[in-house]
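*Asks:* Questions regarding the structure given below will be posed in turn.
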Amino acid sequence: MLQDEVQSHVNCIIHGPVCSVSKLQGNFVNPDTIFANNQMSLQDIEIYGFDYDYTLAFYSSHLHTLIFNIARDILINEHRYPEGLREYDYIPNFVIRGLHYDVQKALLMKIDAFHYIQLGTVYRGLNPVPEKEVIAMYEGSHVPLEIMSDFYGKSSHGHTMKQFMDIFSLPEMTLLLCVNDYFMKHNIDYEPVHLYKDVKEAIGDVHVRGIMYRAVEADNEKYICYGEQTHAVLRKLSKNGKKMFLITNSPFDFVNRGMNYIVGKDWRDLFDVVIVQADKPGFFNDRRKPFRRVTDKGVLLWDRIHHLEKGQIYKQGNLYEFLRLTGWRGSKVLYFGDHIYSDLADLTLKHGWRTGAIIPELRKEIKIMNTEEYVHTMTWLQALTGLLEQMQVHQDPASQTVIQQWINEREEMRLRTKDIFNAQFGSLFRTYHNPTYFTRRLSRFADIYMASLSCLLNYDLQHTFYPRRTPLQHESPIWPEQTSTGTHVGESLHITSVL
C-alpha cells in the first residue's frame, strides 16, 4: 500500500510540479533585482537619504583584514593578551552577518525568527559545539526573549546575547572566535564577559582613534570599490530633480576623501544636506544634541543653526531638529542604509520614512540559488518533505523503516544545502526552512532591499515595487498551481529563490 502511494506521489512530482520547478533553469533570479517587503512607488519619493559606509562606499576584503590585525595587536599590546595570538590571521568568509553571541557562554550561533538555535551552527572558538552540549546548556534549542539581544541587537539591561548586524562586525566576530580558540587550546582559564568587552573595546579603538580612517584615506584604491555605480545613481537622482542628503557616523575628512574618489570633487553639489558623526542610532532618538557646523578644515563653529544649507557640513544634531529645519517628513522620504537597526528601524517605526536596506551578501546568495545543484537539491528536498508529510500515517514497521530513511536523507540534504552558502553558518536569510532572526528584522524594518545602490539603475523613477503575495499556511489549499504536498509552486519558488 505504501509503495503504491509513494509511486503515485513521486509520479506527480516528476510529471507535474517538478517540471514547473525545473523551468527555473531558464528563469533565474536577477541578482540586481530590488525586492519589496512593502508596496512602495518611487513616484512618491521626493527626497533620498543615504548612509555612507557600505551604502555609498563599498569596501574590499582588505579592510576586514586590516581591522582584525589592528584590534588583535591592541589586545596584545594594551590589554596584555598573550603574544601567541599573533599566530591568528583574519579568516575571510568564516562568519556571516546577523549571528548572535552569548556573552556569558562565549558562544557564537545562528538563531531563527522564532528564537530557535540552528543546531550545528554554534561555535566556541573555531570549532562547533556538539548538539547535545548545546541542548544541555539551553535546556533545549529555544532562546528565551529575556536573554535575547535588545532592540538594537546589543547585550544590555540583562540581555546576554549580542547580535552582530553590521558588516564591520565580521572581523570582530572572527577575533572573538580566535581569542576563545587560543585560550581553550592552551587551557587558559578566562572570564568570557571580560573577553567580549576587551575585544569590543579594541575593535572600537580601530574606529575611534582614526586608525582605520587614516589607512583607507592613504590608499582608497586598495580599500574602496563600486565607485562608478554609486556616481551613476546619484547623477540619475539629481537629473530627475530629487533632493538628497547624507547622514553618517563617519568623520568628514574620511567621507570627503572617499566621496572625492567615488564621485569626484564636486560630490557636495549633489547633496542638499550633509551630516557627519551623527552618532546613529542616538541621532534618531536623542533630542538634546544640536547641529554644529564644520569647516572644510574640520574646525567646529559655535553659531546657532537656523537652516541646513546646501554646501555646508554639519556634525551631530538629531532627527527631530532635522525634520523641523527641512520639513522632510513621512513617506516622501526614502533612506538607504546597511544596518537594519541603527539605520532603518527608528525611521520606519517612529517617523514613517520609507526605508531601503543594502545587503551586499544578497548578490552572492542569489548566484548560488541560481545554480543547477541548488535548484535540484531544493526540488528533491521539498519532494521528500511532501512524502514525509503524507506517508507518516503508515505505522507498520516496514513503512516506518522507509520513513526513517527519508528523514535521514532529508537531514543530510538540509546540511548539504547549508554548506553551499557557508560551511559554518549557512545562509544569511534561512535556518533550514525558517527565516533567520536577521530576515525577520529585515522584513519588518525595510520596505525594499537590494544588493547595492546600483540596482536602482535598472528601474524608472516612476516604478512601483510590489511584494509577492505568498499564501499563508491556511490559504495554500485554495491557491492555484497547488502541488501535491499542499505547497503553492509560486510560494516555493519565492522562498527558495528569493530568500
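Each position is counted from 1, following the chain as shown.
Note that Cβ sites are derived from N, Cα and C of the backbone, with glycine treated the same way.
Here's the feature list from TrEMBL:
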{"type": "ACT_SITE", "residues": "ASP51", "note": "active site, nucleophile"}
{"type": "BINDING", "residues": "ASP51, ASP338", "note": "Mg(2+) binding site"}
{"type": "ACT_SITE", "residues": "ASP53", "note": "active site, proton donor"}
{"type": "BINDING", "residues": "ASP53", "note": "GMP binding site"}
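I'd like these features described in context: how deep, what's nearby, how far apart.
*Replies:* The local packing around ASP51 (active site, nucleophile), expressed as other Cβ atoms within 10 Å of its Cβ over all shown chains, amounts to 24.
Note on ASP53 (active site, proton donor): other Cβ atoms within 10 Å of its Cβ, all shown chains, come to 21.
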*Asks:* Using C-alpha atoms only, work out the spacing between ASP51 (active site, nucleophile) and ASP338 (Mg(2+) binding site) and round it to an integer in Å.
*Replies:* 8
*Asks:* How big is the Cα-to-Cα gap, in Å, between ASP53 (active site, proton donor) and ASP338 (Mg(2+) binding site)?
*Replies:* 8
